[in-house]
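Participant: Before I ask anything, let me first share the structure, which is written out below as structure tokens.
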């Protein structure tokens, strides 16, 4: 039996070369198997700035997936890690969102520049392709909320409004303008503005009327002359105070009304007293009281109180409680006197002639 022929050295070299390439291929395939994050979303609300995405999942692999976020401006060509200055940490994070809200003295991202973001996933030495987020400009894409801490003080035919800006823009080349939407209840809405101050006075309002209002802020970036209108605040209603003229009128009306009311009350009382004076006299007459001796006798009839009263009583104690004086004309008085003399049983003295 003849042994198998030996391969020539050149063929063996070629086999080793092809075999080496075949062994390195799985490493390249494993790199391509790590997918990139998907569905990126940038949330810009007031000062809040957050990038979020869907998580990357690996089948039959329990190793943790971390993410890396970078940024750059349109005018530049170099990408920078978000977290290289320590103010924002979006390097090798396990969460699926990067909060790059400015902290401290940070001015990223610039309000007037177009900004790009990109994110990728990493598992140990494996990395995914970069997912680049469409560019955004903060002044053009931010959602401005309503003003905060709104205080309203009713004045004399006016409303005094004090408020706070939706967020701080002192570190940026931007400012806020404020507009007030107001209307008398069940009336037509009016708008006043723009106001640069956070203290606003609505004048020329009707006194003692209820007004409802809403306030909104508009972000204006100086560079590019870009403005972004904000959302309206909740509806709140207030009643204006009276002015000086209305106060005088009210005092006069109250005084006249009170005088008329007291006059009518006094007249009604006088009429009732005249009409029901007998009944009023009866109501205010004090009821008769029982003598003390009679009250003691009624409590204990066995006591000889009545006999003691009879002994103590005498004719000299009798008294009259009324005296009648009758007057007659002079002629009738002489006739009555003569009649009395004729009826007298005593002797009549004749005059001595």
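Each Cβ is built from the backbone N, Cα and C atoms, and glycine gets one as well.
Automatic prediction, not curation, is the source of TrEMBL annotations.
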Participant: Looking at 306-329, 330-353, which stretch does TrEMBL describe as region 'Disordered'?
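Facilitator: It is 330-353 that TrEMBL annotates as region 'Disordered'.
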Participant: Select from 251-274, 275-298 the stretch of residues annotated by TrEMBL as transmembrane segment.
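Facilitator: The range carrying the transmembrane segment annotation in TrEMBL is 251-274.
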Participant: Calculate the per-residue pLDDT averaged over the domain 'Fibronectin type-III' (146-243) and state the result as an integer.
Facilitator: 90
